[in-house]
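Below: one structure, written as structure tokens.
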Amino acid sequence: MRENNQSSTLEFILLGVTGQQEQEDFFYILFLFIYPITLIGNLLIVLAICSDVRLHNPMYFLLANLSLVDIFFSSVTIPKMLANHLLGSKSISFGGCLTQMYFMIALGNTDSYILAAMAYDRAVAISRPLHYTTIMSPRSCIWLIAGSWVIGNANALPHTLLTASLSFCGNQEVANFYCDITPLLKLSCSDIHFHVKMMYLGVGIFSVPLLCIIVSYIRVFSTVFQVPSTKGVLKAFSTCGSHLTVVSLYYGTVMGTYFRPLTNYSLKDAVITVMYTAVTPMLNPFIYSLRNRDMKAALRKLFNKRISS
């Protein structure tokens, strides 16, 4: 067990995305471009949904909450990375590292459960349209969002506390641009067998929403293919296409990072984490708005209102 005074002075070195200065300069410019787009894009989604009464329904309520989580999610890591690069420093305190890890796990899990809630919403809308307003009532939507936040934080807390109990002696270079649980476990000189088992349990909890999404879309597609109208099938696929794209991007990159043995992790994997920590939150507003006429109309209305005022 580490001494209290040691934990207060312990610092980690964030190696960045690649560890090569020339490439780090490229990623600095990339993040400098990505971060404001992420903030503005997701904030516009939230404002458009709040300002347009036609979008005050469960589907857009869940989307607005997803956009808020994406804003927080990208803000946990990118500002620190930009500040470190600008100041020529790569250090992060032990407390700052634990805080970053906690919010990454909590927000990542919350994001995945909201995606599952959105899939459930689509399944109910398509397979049980007559009961939609009853099942997806305002109270149900609030419970879905609250449950997502509770599960996300409940999954993050034990991992953070367990990591706080570890001893770190010798190499303190984190093979990533933020404090992730995998490189931290590899740095520890404590017995991490229990911690690794808990990490994979956490991965299992994180995978539950994916199972819910798969079940929801099996229900959607089984209902859709029973519809004789080709127009109805195309409309259903158009409605679900954006969500499926986001789910594929998010879970595809996350699974590439965490669904494998701890010993296989290296700095090369930091490039994969850029996809779900930075790129996916930036793309979400575009994916959900470009193919959605109601969202595009709400955004135009929002812009016109700002210009006229």
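From the backbone N, Cα and C atoms, a Cβ is placed for every residue, glycine too.
Keep in mind it's a predicted model, so treat the numbers as computed, not measured.
When the topology recorded in Swiss-Prot is consulted, GLU11 and PHE225 turn out to be separated by the membrane. Each of the disulfide-bonded residues CYS97, CYS189 was scored by the other Cβ atoms within 10 Å of its Cβ; the lowest score goes to CYS189. Taking residue pairs at least 6 apart in sequence, the transmembrane segment (140-158) and the transmembrane segment (58-79) share three or more C-beta contacts under 8 angstroms. Counting Cβ pairs closer than 8 Å to the transmembrane segment (101-120), the top stretch among 26-49, 196-218, 236-258 is 196-218. If you look at the transmembrane segment (26-49) against the transmembrane segment (196-218), you find fewer than three C-beta pairs under 8 angstroms, all six or more positions apart, and that falls short of contact.
The DSSP secondary structure for CYS97 (disulfide bond) is helix. The stretch in 196-218, 236-258, 271-290 that contributes the largest number of Cβ pairs under 8 Å to the transmembrane segment (140-158) is 196-218. Below 8 angstroms of C-beta separation, residues 64, 294-295, 297-298, 301-302, 305 of the same chain, each at least six residues beyond the ends of the topological domain 'Cytoplasmic' (50-57), sit close to that stretch.
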